[in-house]
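Per Swiss-Prot, these features apply:
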ACT_SITE  His469  active site, proton acceptor
BINDING   Gly551, Lys552, Ser553, Phe554, Ile555, Lys556, Cys557, Cys558, His559, Val560, Ser561, Ser562, Asp563  CoA binding site
BINDING   Tyr585, Ser587, Thr598  (R)-carnitine binding site
REGION    759-798  region 'Required for interaction with GRIA1'
TOPO_DOM  1-52  topological domain 'Cytoplasmic'
TOPO_DOM  76-103  topological domain 'Lumenal'
TOPO_DOM  127-798  topological domain 'Cytoplasmic'
TRANSMEM  53-75  transmembrane segment
TRANSMEM  104-126  transmembrane segment
Amino acid sequence: MAEAHQASSLLSSLSSDGAEVELSSPVWQEIYLCALRSWKRHLWRVWNDFLAGVVPATPLSWLFLFSTIQLACLLQLDPSLGLMEKIKELLPDWGGQHHQLQGFLSAAVFASCLWGALIFTLHVALRLLLSHHGWLLEPHGAMSSPTKTWLALVRIFSGRHPRLFSFQRALPRQPVPSAQETVRKYLESVRPVLGDDAFDRATALANDFLRLHAPRLQLYLQLKSWCTSNYVSDWWEEFVYLRSRGSLINSTYYMMDFLYVTPTPLQAARAGNAVHTLLLYRHLLNRQEISPTLLMGMRPLCSAQYERMFNTTRIPGVEKDHLRHLQDSRHVAVFHRGRFFRVGTHSPNGLLSPRALEQQFQDILDDPSPACPLEEHLAALTAAPRSMWAQVRESVKTHAATALEAVEGAAFFVSLDSEPAGLTREDPAASLDAYAHALLAGRGHDRWFDKSFTLIVFSNGKLGLSVEHSWADCPVSGHLWEFTLATECFQLGYATDGHCKGHPDPTLPQPQRLQWDLPEQIQPSISLALRGAKTLSGNIDCHVFPFSHFGKSFIKCCHVSSDSFIQLVLQLAHFRDRGQFCLTYESAMTRLFLEGRTETVRSCTREACQFVRAMDNKETDQHCLALFRVAVDKHQALLKAAMSGQGIDRHLFALYIMSRLLHMQSPFLTQVQSQQWLLSTSQVPVQQTHLIDVHNYPDYVSSGGGFGPAHDHGYGISYIFMGENAITFHISSKKSSTETDSHRLGQHIENALLDVASLFRVGQHFKRQFRGENSDYRYNFLSCKTVDPNTPTSSTNL
């Protein structure tokens, strides 16, 4: 009966890519509407690119310049010094009656040329200003006079209201560091983790590399940097992500909802508001009305990663994947209880309202129809090894091209999960761990991992985001997520009964059920992929805990960098957990440069190891604190060097790829690329949009996100500063490893936080007050901070 109902609804209305079109509607009218939408999008794109390209100037500045030239001509002055007369000679001779028109056109041409020359000069000046990185080396909060002058000039040349891509033409290219300096830094970074003999061998290989291979490789790499936008980012995307043949579960990352608040317990309502907000963000993105991100409020960052946020799918290949990006998509693909649906997001009048989208999602939740044969676990193929999925996809494309296109051509993927998630009072620790695990891997078959991101809506109204990593890094998707949470909760809000605001639309067609007419021959492949996905998912040990005894405000009182503070805490905790030091990966962004992505900060330094050993030997607080400050200064120097394009690993990676392309065998570069990161760390950015006042609404903050470990015997750790007085850690490891335990490391991190804080006079009470307490104290503060999830919130009652 359900299939017959879907068939009848399909006969009554067909869904184009956006508007619902009745069969009786004239075909030429639909062609006209589609063409009109396409031309509107094209014109808007051209206009927005023009506005972004002329920043810091505006079209009004051209009009002012043209008017000034016309006024000068009326006063018998020639501001062009004879150039306008030359332009008149090049114009057609229309007779004496058109002499004024010739003067008008020559003035317009001269004004345009002068305007373009001024804009070009401003862009060159801004690029020179943005190439300066001396401000990074200054102590935080102590800005010198030259830096203040530089900042004032940057603000002047940046214009008043820059658009998202306004700075792309002015951003400098990422520099190629010196090979000698990179090798020196590399040897310095591995000294703490290598024995004497191993270090001597590494030094010998490095010297041979500098003598035999480095000059030629460096020359070719320098040539590449002159010919491309970024000398390493394209190779990083291709060889690290798109050529990786492993499961995407290993490289995705996730983002969580508000930790203490659930705006509505209604799954369909939360999905409606969230999808509407995401599409509002896409609308702003297409019109470039999102403000560019400014580091420390003054230095613009590259916005190139925003371009492939929506309408993007990673298409598997036998040897290499590729990213397919569409200019527009007017539907989302939805998964619920093993079934796929296509939900149109637009009507002829524009974007559907949140209430209309809620109605669509509620129809899906109420649909009792079973999954088609092979449909329920089909998405497990996207979690399979990429070469296997590429081969099976050809068969899927042959037999179910329409359904596959509906999923891959969607704006993004939505998963309506049948289970609740989020923090619970009954078992807060286990509930957070399960929440993280559900976002990272799901059940192996309920996420389409190829999509740029998947919006996950749980049965109790909790949200989450699962992000494919190749198209962008965490700060970019984090900006999207902050906007989504703030807008859907504070600006859109919910009615008192928990539904989206507005009224249902009885004329709205039902969602389109996708039909997968798949051959039985792919059943073994689906079963194999499902077993592999469940094995990978079941092997991930996730642990999330909020640390509430102190946060960023306390660390500020200690006059140290909050990120460096946490990195040294992690070194101390990991040493207590494993009894040894290891290569540590901390992600730093290189978006100060055009198309920059990330660089590695090797946080396990000689100075950090000296501090950790002093703490382990229980030396005096004064001595440990002195070593701590030295280690913090070293970490800050490494971080700033990485951000300014003087890091280690991306340069060595590019040299390695160049050596492979030139068929050169370098034992040194091979050894470097075979190194294992047993500790992979990252700080989750927060308050990029400034849409939520965390001081007045401290509960309305995301608890961040996390990722899987980079090694079978390693840890993946992310951390986020929640407001001023709490830190949330996300720890992951493999259950199959006998050397790691996420919960054990979490306890070491808590103890290390208290121990390091007690070194400072303002934090000495921490060690006395909390040492030896049961770890359940982490969640004791929830009783006074958790908001009842059954109480809907909206912008009005906030």
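Cβ atoms are placed via backbone N, Cα and C, with glycine included.
Where Swiss-Prot records a feature, it is marked here on the structure.
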residue : record                       : Cβ contacts under 8 Å, 6 or more apart
His469  : active site, proton acceptor : Tyr241, Ser251, Thr252, Tyr253
Gly551  : CoA binding site             : Phe721, Met722, Gly723, Glu724, Asn725, Ala726, Ile727
Ser553  : CoA binding site             : Glu724, Asn725
Ile555  : CoA binding site             : Ser561, Ser562, Phe565
His559  : CoA binding site             : none
Tyr585  : (R)-carnitine binding site   : Thr600, Val601, Arg602, Trp677, Leu679, Ser680, Thr681, Ala710
Ser587  : (R)-carnitine binding site   : Asp473, Cys474, Thr598, Glu599, Thr600, Val601, Thr681, Ser682
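Restricting the average to the region 'Required for interaction with GRIA1' (759-798) gives a pLDDT of 49. Panel annotation: around the transmembrane segment (104-126), residues 54, 56-57, 61-62, 65-66, 69-70, 73, 80, 83-85, 87-88, 91, 154, 157-158, 167, 169-170 of the same chain, lying at least six beyond its termini, place a Cβ under 8 Å from a Cβ of the stretch. Note on the transmembrane segment (53-75): residues 84, 103-104, 107-108, 110-112, 114-115, 118-119, 122, 126, 156-160, 162-163, 166-167, 169 of its chain, located 6 or more positions outside it, place their CB under 8 angstroms from a CB of the stretch.
Each of Glu586, Ala588, Glu599, Thr600, Val601, Ser680, Ser682 belongs to the same chain as Tyr585, Ser587, Thr598, is absent from that list, and has a C-beta within 8 angstroms of the C-beta centroid marking the (R)-carnitine site. Using a 10 Å Cβ-Cβ cutoff, Asp563 (CoA binding site) registers 21 neighbours. For the recorded site, Ser561 (CoA binding site), the DSSP three-state label reads coil.
Of all the Cβ atoms in the protein chains shown, 13 others lie within 10 Å of the Cβ of Cys557 (CoA binding site). Ser561 (CoA binding site) has a Cβ environment of 18 other Cβ atoms inside 10 Å.
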